Amino acid sequence: MKSVRYLIGLFAFIACYYLLPISTRLLWQPDETRYAEISREMLASGDWIVPHLLGLRYFEKPIAGYWINSIGQWLFGANNFGVRAGVIFATLLTAALVTWFTLRLWRDKRLALLATVIYLSLFIVYAIGTYAVLDPFIAFWLVAGMCSFWLAMQAQTWKGKSAGFLLLGITCGMGVMTKGFLALAVPVLSVLPWVATQKRWKDLFIYGWLAVISCVLTVLPWGLAIAQREPDFWHYFFWVEHIQRFALDDAQHRAPFWYYLPVVIAGSLPWLGLLPGALYAGWKNRKHSATVYLLSWTIMPLLFFSVAKGKLPTYILSCFAPLAILMAHYALLAAKNNPLALRINGWINIAFGVTGIIATFVVSPWGPMNTPVWQTFESYKVFCAWSIFSLWAFFGWYTLTNVEKTWPFAALCPLGLALLVGFSIPDRVMEGKHPQFFVEMTQESLQPSRYILTDSVGVAAGLAWSLQRDDIIMYRQTGELKYGLNYPDAKGRFVSGDEFANWLNQHRQEGIITLVLSVDRDEDINSLAIPPADVIDRQERLVLIQYRPK
């Protein structure tokens with residue numbers, strides 16, 4: 001009976017966090033609008049081999065993540081939930097692997113359930129796991145690969161070991177097809193300390209080739225298909241998207257070595273109080289094979305991405321699966337022996353909630369700021385933000401009432417965030433980061449446009465997805481579409497600032513021409529170097545400029 005109650009509670013938890021509130025949040029640009037539009041175009045064109053964005057070749061990532069996103073929009077429609085359905089599914093599958101792996105290690109159902117709940121409620125997991133990017137997919141394949149490797153190394157028969165390594169190769173292959181060759185490097189680095197300490201080199205060398213074969217066979221059909229269709233894909237993807245992004249001096253998203261320290265700290269909320277103890281207990285218990293495996297799985301990718309020049313918070317998502325297991329194991333021991341860490345965790349959550357309440361007041365219309373984040377007419381959004389932090393502090397307090405039994409309720413600290421964040425985003429943010437909001441405000445003007453030009457790829461993708469058209473033209477800036485725009489058949493999909501006046505004269509009689517520009521909040525529109533327009537409609541950071549036939 002208790003197991004049934006736990007399962008009902010888990011399903012209610014998943015529904016409140018990962019299902020019910022998702023449609024209330026508009027898509028963010030540039031990431032969510034980009035991936036939404038790529039998958040929409042894949043469904044519209046029926047081309048499941050070559051990814052396209054705005055009708056242009058888009059070689060930044062391989063294909064598998066787009067497949068999953070496309071299936072999400074196919075099943076649930078071109079809406080906010082449909083766009084995010086794939087990442088939510090991947091996150092829940094990863095949580096299922098956390099459950100299975102914990103049961104495999106300790107045969108303890110309560111520990112497995114707690115590890116799962118901790119994983120799903122970690123701030124970084126929730127933030128990325130409900131955000132339409134490819135990282136939840138690669139995290140799933142990496143976690144599946146680590147589970148497969150453990151399964152292979154614990155098998156007692158050659159059939160079991162062979163099956164485990166074959167499965168490892170398939171997961172690595174799908175990882176390569178999702179985000180590239182990092183799906184090969186990360187698992188290898190993660191298992192090496194464990195293999196070395198356990199002296200399991202023999203099994204690795206005897207059966208490892210099976211993983212290589214199954215990985216190659218997994219990637220080969222699509223790899224050959226895209227090489228035939230687009231011969232330069234692999235050169236661009238390997239050199240630009242791997243070497244330049246991570247290793248060279250001009251790498252994308254450059255950040256210092258310590259970049260991930262605050263990411264791990266913030267990402268560990270609402271379980272931050274367990275982080276030091278979980279890592280220390282894992283190190284102290286390093287003679288235990290499973291603990292070494294979890295510790296290595298957590299630390300090695302973190303070090304690898306810290307050394308790389310290019311860094312983003314999403315890169316280390318897979319590290320939090322083993323960390324959640326370590327946290328759950330440590331928390332149960334602390335509840336029995338010394339609940340100090342659990343009390344500290346409760347106080348951290350109270351402090352975070354109270355700090356958020358104060359910060360919300362400071363940036364509200366009633367605070368001391370001359371330019372508040374929310375305007376007076378958005379008072380309901382301020383109260384939503386207050387509710388988010390109040391619930392966080394309340395559940396932090398509740399865990400302290402009987403800490404040995406109530407500490408798991410820290411998982412409910414982000415409940416307000418999950419349910420209300422979509423209602424608390426300030427209009428000034430929505431106007432710049434949510435193209436759907438802009439489209440809703442300007443739908444009547446945009447819909448009849450013969451040509452639409454914009455200077456932002458993220459906005460262009462948002463316009464394309466919302467209006468169900470892929471012929472948006474880039475104006476002045478090419479951004480990440482630079483490579484695709486270099487192809488001969490992409491001629492006419494970019495107009496520079498100097499060419500715009502002539503281009504306008506040539507095309508004006510064909511129909512309404514709409515220019516959507518991103519501007520600074522205090523920028524004077526009249527100072528823009530563009531021909532006089534028939535219509536100007538400013539929505540804070542985005543402005544619609546329209547030219548009608550003469």
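Glycine residues also receive a Cβ, built from the backbone N, Cα and C atoms like all the rest.
Copied over from Swiss-Prot, here are the features:
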TRANSMEM  7-27  transmembrane segment
TRANSMEM  81-101  transmembrane segment
TRANSMEM  111-133  transmembrane segment
TRANSMEM  137-154  transmembrane segment
TRANSMEM  165-185  transmembrane segment
TRANSMEM  204-224  transmembrane segment
TRANSMEM  263-283  transmembrane segment
TRANSMEM  288-308  transmembrane segment
TRANSMEM  315-335  transmembrane segment
TRANSMEM  346-366  transmembrane segment
TRANSMEM  382-402  transmembrane segment
TRANSMEM  406-426  transmembrane segment
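Taking every listed stretch (111-133, 137-154, 165-185, 263-283, 315-335) in turn, the largest tally of C-beta pairs under 8 A with the transmembrane segment (382-402) is reached by 263-283. Sequence-distant contacts of the transmembrane segment (406-426) (same chain, six or more residues past either end, CB-CB distance under 8 Å): 13, 16-17, 20-21, 24-26, 114, 117-118, 120-121, 123, 126, 269-271, 331, 335, 339, 342, 345-346, 349, 353, 373-375, 378, 380-382, 384-385, 387-392, 395-396, 398-400, 434. Nonlocal intrachain contacts for the transmembrane segment (346-366), taken as residues 6+ away from its ends with a CB within less than 8 angstroms of a stretch CB, comprise 269-270, 272-273, 372-376, 378-379, 382, 385-386, 388-397, 399-400, 403, 407, 410, 413. By number of Cβ pairs under 8 Å, the transmembrane segment (111-133) is matched best by 81-101 from the list 81-101, 263-283, 315-335. Beyond its flanks by at least six residues, the transmembrane segment (137-154) meets 64-65, 68, 86-87, 90-91, 93-94, 97-98, 100-101, 104, 160-165, 167-168, 171-172, 174-175, 178-179, 182-183, 186-187, 190-191, 200, 203, 207, 293, 297, 317-318, 321-322 of its own chain at Cβ-Cβ distances under 8 Å. Remote same-chain residues near the transmembrane segment (81-101) are listed as 14, 18-19, 22-23, 27, 32, 35-36, 39, 65, 68-69, 71-73, 75, 112-113, 115-116, 119-120, 125, 128-133, 136-137, 139-140, 143-144, 147, 150, 321, 324-325 (criterion: CB distance under 8 Å, separation of at least six residues from the stretch ends).
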